[in-house]
Structure formats: C-alpha cells, structure tokens
Amino acid sequence: MVFMGQDEEISKLAQTFSRWMLLGMPFVVLYELVRKVLQAQNIMKPLVTIATIGNVVNIVTGYVLTYHTPMGFEGIALSRSLGNITLPLLLIPYFYYHPDHLSQWWSGWNFKEAVAHVVFLRLGVPGCLMMTMEWFAFELLTLMAGVLPNAVVSISAHSVLVNINSIIYMVFAGLAVAVNIRVGNCLGANLPKLAMASCTVALTLTLAISLSFIAFLYATRWTLPSLLLNDQESITRAASALAVWAPFEILDGQNTVPQGVFRGAGKQTVDASINAVAYYIFGTPLAVWLGFYWALDVEGLWVGFGLGILVSASCLYFLLFERWTWEELAEDAQKRTSV
C-alpha cells in the first residue's frame, strides 16, 4: 500500500487488520459454498439463524476485545474472524438434526461425480468473476481516496460511504439472491412466465426500496457521519459525498437485482463481461477523471463509479427486456439440466 502512495501509518494498520482477518477466511469460504447449496433448495430460515448468531458473536467479542483487553483496534479484526469461524461450525449441529438436508445433495466423496460437475465451472467461474470485479472496483476507489489531497480526510469520508453503502447493498443482495433462486427454479421447471413475473416483482420492489433509501440518506447525511467520525472536516466531506451519492442508490439496486436474475438464468459469462466493461473501462477511469482532474475529491470518485453502475444496469436491462425472451432462457435451462 505504501508503494501505491498510501499513508504509511494507515497502511500499517491495514496490514495488521488484514492479518487477523485471514484467520476466518477458510471458514467463511466453506460456509458460503454450503449456504449456496441450501439456498438453491429453498432452505432459508436456518441460514438466517446462523447468520444472526454469527453477528452476535462478532459484536460481543468485538466489544470485549476492543475495550476490555490490550488488543484495542486489533480486537475488531479478530472478532470478525471469530464470527466467520462460528458460521460453518453451526452447520454441524444443524446437519446432525436434519441429516436429510445434507444427504439429498451429498452422499459422500465420489470422484466420478465430481468430474461430471466440471461443466458447471462454466457457470461458477464467471459467477465468481462477476461479483469480484465489482468488489475490486470498490477497493480501487479506496486506493484512489488514499492519494487524494488531504488523504486522511478523504479516506475517512470514503469509509463512511463504504460502510453505509455496504449495509444498503445487503438489502439489494438479499433480493438478488431471492430472485436468483426463484428465476432459476422457474426456468429449470420450464415456467418462463412465472420467471418473468418473479423478475418484475423483484425489480419493482427494489425501486420502491431504493427511493426510501435516497430519502433516508439525504435526510441523515449529517447524522450518519457524526456517528462514525469525530473530526468535523471529515464529517463535512462525508455529508457532502452522501448527498451526491444518494440518487445513485436507484442505479445500485437496479444493477444488483438484475445480476441475480442473470445468475438464475445461467448468464454469468455475459454479466462478467458487462461488469468488466462497466467498471474498468467506464467507472474507474471516470472516477479518476472526476476525482483528480476535475478535483471533485471523494464526491468525484463516487460519481464516476456510479456512472459505471449506470452502464452496467443499462446493459442488463437491454438484454433482459429487448434481446432475450423468457422462453429462450427456459430452453437454455432445460439443455443445461439435461447434461
């Protein structure tokens, strides 16, 4: 990070935080794999319970380690790892009491069946890329914020937007998962009209939620930063950036949820290509141009990124409602499941 122009003190803190976070990474990867399988079977309630317990562990241990041990800042990272470690461990008693939820999709190690599943890597790898491309673009924003004039203030304001937007994104991501499962099941059952109805309901609900988020962010643009920061200059910058970013929540929602539809329709490769163009040919260069050359600071970075989201959402809508038909998507699903 220092090599890329970041503040040395902040870089050292990030290094320490990341090392503690590594402890929980293998556990959360395992949990995410199993979670996706259970979601595909419409098993949701136990996952909500497990996630809730994991968050409780994170919060309680975070408070104790941060304020009641010498760890301080490092306790926050360790608590997150402990929360991640808790998630797959809670699956053990769940499968013990519900063995049918495990046996119906896994009957033990079978090399022949594992090789037969290689065809699904054509969906899995692009599916991974379509998500990580968006997340990496967010990380590039953080690096750019670190080399803006008055980097400490810029990073502080940027971190407020990242945290708030991450919370809001969870709502959109939840809707995306729901429509992903619903559309995928409907197309697999050759019910294209029902798949289209599920997509329409999800997009309409997302629009309504987005409008409420816009109003909330604008009304609380001074209150929210003051809860996370104690420096007035950083609070002022964060409030300004929130006011500028708030309208883009519509685009964020209308981009995230259609991606769930694409995953359900088996169009991960197409979506990954769209994300590559939207975020790295449009979004990131525009963020650099507005943030540095137009000297719009953090606001410019986020507006540029938001314009990248606009490109992505526009492409997704065009393909869903102008290029493809739901009957074609259902036919594609039938071909995949017959392999």
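Backbone N, Cα and C atoms are what each Cβ position is placed from, and that goes for glycine too.
Just so you know, TrEMBL annotations never went through curation; they're auto-generated.
According to TrEMBL:
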- 17-34: transmembrane segment (TRANSMEM)
- 46-65: transmembrane segment (TRANSMEM)
- 135-153: transmembrane segment (TRANSMEM)
- 160-183: transmembrane segment (TRANSMEM)
- 195-219: transmembrane segment (TRANSMEM)
- 277-296: transmembrane segment (TRANSMEM)
- 302-321: transmembrane segment (TRANSMEM)
What residues elsewhere in the chain lie close to the transmembrane segment (46-65), defined as a C-beta under 8 angstroms and at least 6 residues from its ends? 35, 38-39, 71, 74-76, 78-80, 82-84, 86-87, 90-91, 94, 98
Stretch-level contact, the transmembrane segment (135-153) and the transmembrane segment (195-219), CB cutoff 8 A, at least 3 pairs: no
Maximum Cβ pairs under 8 Å to the transmembrane segment (160-183) among 17-34, 195-219, 277-296, 302-321 is reached by 195-219
Can you name the far-off residues of the same chain, 6+ from the ends of the transmembrane segment (277-296), with a Cβ under 8 Å from a Cβ of it? 133-134, 137, 140-141, 144, 148, 302-309, 311-312, 315
Long-range neighbours of the transmembrane segment (302-321), counting only residues six or more past its ends (CB under 8 A): 137-138, 141, 161, 199, 241, 244-245, 248, 251-252, 254-255, 258-259, 261-262, 267, 270-271, 274-275, 277-279, 282-291, 296
Could you give the residue numbers and ranges of same-chain residues that sit at least 6 residues beyond the transmembrane segment (195-219) on either side and whose C-beta is under 8 angstroms from one of its C-beta atoms? 164, 168, 171-172, 175, 178-179, 182-183, 186-187, 242-243, 245-247, 249-250, 252-254, 256-258, 260-261, 264-265, 320, 326, 329-330
